[in-house]
């Protein structure tokens, strides 16, 4: 009988060992952000009001109407005087960008941001196992990821991915790749580098739907260091709870609303169509529908269902039309902070209304738009930096990130804050001036008269230089 | 004389020591269980049949005990099977077959060249010499925009080429596999040099109306090895998402990247790169096991970007007149050799049979202890694989690899014939080569295939596939080789006189 007991004992032990390994494996699959760094370009790249006016006047192709349109756009954009532009704007060559301009813009960012991040977190480049780079509008041979590997001398068995053309929501797509890799492999360090290359993409024509991108996009970028090592969890800043991606490319109007094409003169630019706001709202609604069950507490979901059911029953019995306002889910029950993509003032307002957010909630996004402009995929990290600098993030808080991209995509994710944070990071030298009221901005002071100009007679219209 | 591949060095030795140690430690449980089982067996033999019968009768079988025991066994079995990594199957793939109107015979190419570069006869002659020795045939294709004199590479034409290549390949894939667009869970598109906004993956989602929760990725800039990088990504994603289909589209859009200047190092890609694309369906669904053609065994990626020379050898830059083109450096072959060596040192232990590994280990020990003058043993990869798909990067690449891996002409036939019929189609060339092997009826169940691709950066990636079922040659005229497979293999002379 001893043999049988021995057999039982061995098999039970083995079984317990496997269970323990399985549980351990699950804990090794968490996605932690160890550190992140947002890029602050040098001060000689700041774009002030005077220089904006100069750029508009020296652009030869702009007619009077386009000038007025541009000025109107700049005035109401919500940008401040300290946003950054690529160097090519300051040497006046934006109409003829060379390949080197785009690449050197990126290399300047790589040298600064990634080096800072790695030295601050004490990780050497040869320890990086996964590298995901997303820069939407530049694809070169060798890829930008190969440039980073060359510059920092990373290992030869590194898993590297170079994503392009995925729009302003690409950083969450990169995090998605990293999250999936963390589930299959143990003990990895991942580096996600996200930025936008503006030098080769200045639109030099005069199609109104395409010149808007010139006004809004600014230079910026960020690098994020992630890991799934359990030992690092006490140093981690954030833990990923869930990530949901929604792609509405199947609908033609969503797909066609933001498209890179040539205008009648053959100049390439990004056309922002009139269906953009509607496509965005639809994608956002779909995305929220998928992510709310994962992030909201049970009682909020139950309350929403009950209220909706009651309203439906009331509505069907008394045949009321859409007089009553729709019940909205209260996201603040499950989320403490909102990182909204700074696509523009309209985008932030739109998301604020959809999610029923207060001014306090959208303040980080508005201030980021004011200070850094729309830095495309890296914008949500600047918004996160603002919250951190304002000491809003406490342990256990939940941060919700949402961003849009061409195609039309809406990606969102929920992060849990792992420890109290208060580092100034990229906002260090200006956080004390914020929040500012964006309604009175220097562009409004200088060019606000354009909003009152009703009739535009070319013979009496004074050219812009007089007002600079 | 082209520089030969460097020999295997000491870096391999450490890997083998590590391997032995890892094997010992990882299988410690099995290794301890084995003596116990041996002891039980000996005990049973010693006891003899009557004693065993007595033992059997004396056992009291409690129902509870039996139940517990059986549950335990079932649990252990379930956990064991669940913890195994999922098998990834390649259900089928489709290669784009360019239309006849896009063909670029030598005469057409040279005529174009003479008209466009009329003030630079030396460049024209350079192109002619390259074409003569390139190993390309008369049926390779270039996109319609390049047929114009001068070429008209605008964005609309580039999108047109992308739509033509990608949609034909995908339609063909849907037809072959019976896949419905709504069943695609993961979509990965890789195209190195053309990435419009919205991305090519969004274009595919729009055309075929894929679901809104399809995970899409658009890789670019990763060169001719991007196809295997996509396979790697798909494999990692399929490990995490059960019961899913992944579609990979590999292509290279030539329209925006045709070099319009006259710098010689940059004119080379014009002579070699041709239009092509492939769509591949991978799955981890067990129900597809029977129909799947291949099972993915390994993917090994090596990146030599840390070395400056390797990084600079395939470089996109502007020439003096501002034309953008890709310049290939002269030490491309040596760097390719280095990258291949790194890749082989990782993949060797995974695929070589024990006999080869033992021989290699013994030779290594012998060299260290007995006589350093012994020649290092280069493992015979023909023992590990039946078929080789070497990226058809150019004739020189195939020649070098053939020499250094000691492959016969039949092993590299697929690569050479693909280069001849389709040219260098970048990341999709591996799929044309695989298609050739299948069309020739050489693919039998259990055959192992090794796909090697090089890319800018400098990368060397390999994938190992195992054939799941014997593949009959296409009788219904499908596939890119359907109309010409009987003419192949052709003899490709060293120099074709133009």
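Keep in mind that glycine also has a Cβ here, set from the backbone N, Cα and C atoms.
Just so you know, TrEMBL annotations are computer predictions that nobody has curated.
As annotated by TrEMBL, transmembrane segment applies to B:20-42, B:63-82. Marked as domain 'FAE' by TrEMBL: B:80-368. Sequence annotations record features per position, and here TrEMBL assigns active site to B:224, B:303, B:387, B:391, B:420, B:424. Annotation comment: TrEMBL describes B:386-466 as domain 'Beta-ketoacyl-[acyl-carrier-protein] synthase III C-terminal'.
Nonlocal intrachain contacts for the transmembrane segment (B:63-82), taken as residues 6+ away from its ends with a CB within less than 8 angstroms of a stretch CB, are lacking entirely. Within its own chain, residue B:420 (active site) has B:135, B:136, B:137, B:490, B:492 as residues 6 or more apart in sequence whose C-beta sits under 8 angstroms from its own. Each of the active-site residues B:303, B:387, B:424 was checked for a CB under 8 angstroms from a CB of chain A; the ones meeting this are B:303. Within 10 Å of the C-beta of residue B:391 (active site) there are 31 other C-beta atoms, taking all protein chains into account. The Cβ neighbour count for residue B:303 (active site), using a 10 Å radius and every protein chain shown, is 29. You'll find the Cα of residue B:303 (active site) roughly 13 Å from the Cα of residue B:224 (active site).
Rounded to a whole number, the distance between the Cα atoms of residue B:224 (active site) and residue B:424 (active site) is 9 Å. Residue counts for the domain 'Beta-ketoacyl-[acyl-carrier-protein] synthase III C-terminal' (B:386-466) under DSSP (helix as H, G, I; strand as E, B; rest coil) come to 34 helix, 21 strand, 26 coil. Taking the Cα atom of each, residue B:387 (active site) and residue B:224 (active site) are about 20 angstrom apart. Recorded residues residue B:224 (active site) and residue B:391 (active site) have their alpha carbons 8 Å apart, per Cα-Cα distance. DSSP assigns residue B:303 (active site) to a strand in the three-state reduction. Looking just at the domain 'FAE' (B:80-368), the mean pLDDT is 90. Other Cβ atoms within 10 Å of the Cβ of residue B:224 (active site) number 28 in total over all chains. Cβ contacts within 10 Å of residue B:387 (active site), excluding its own Cβ and spanning all protein chains shown: 23. Cβ neighbour count for residue B:424 (active site) (all protein chains, 10 Å cutoff from its Cβ): 24.
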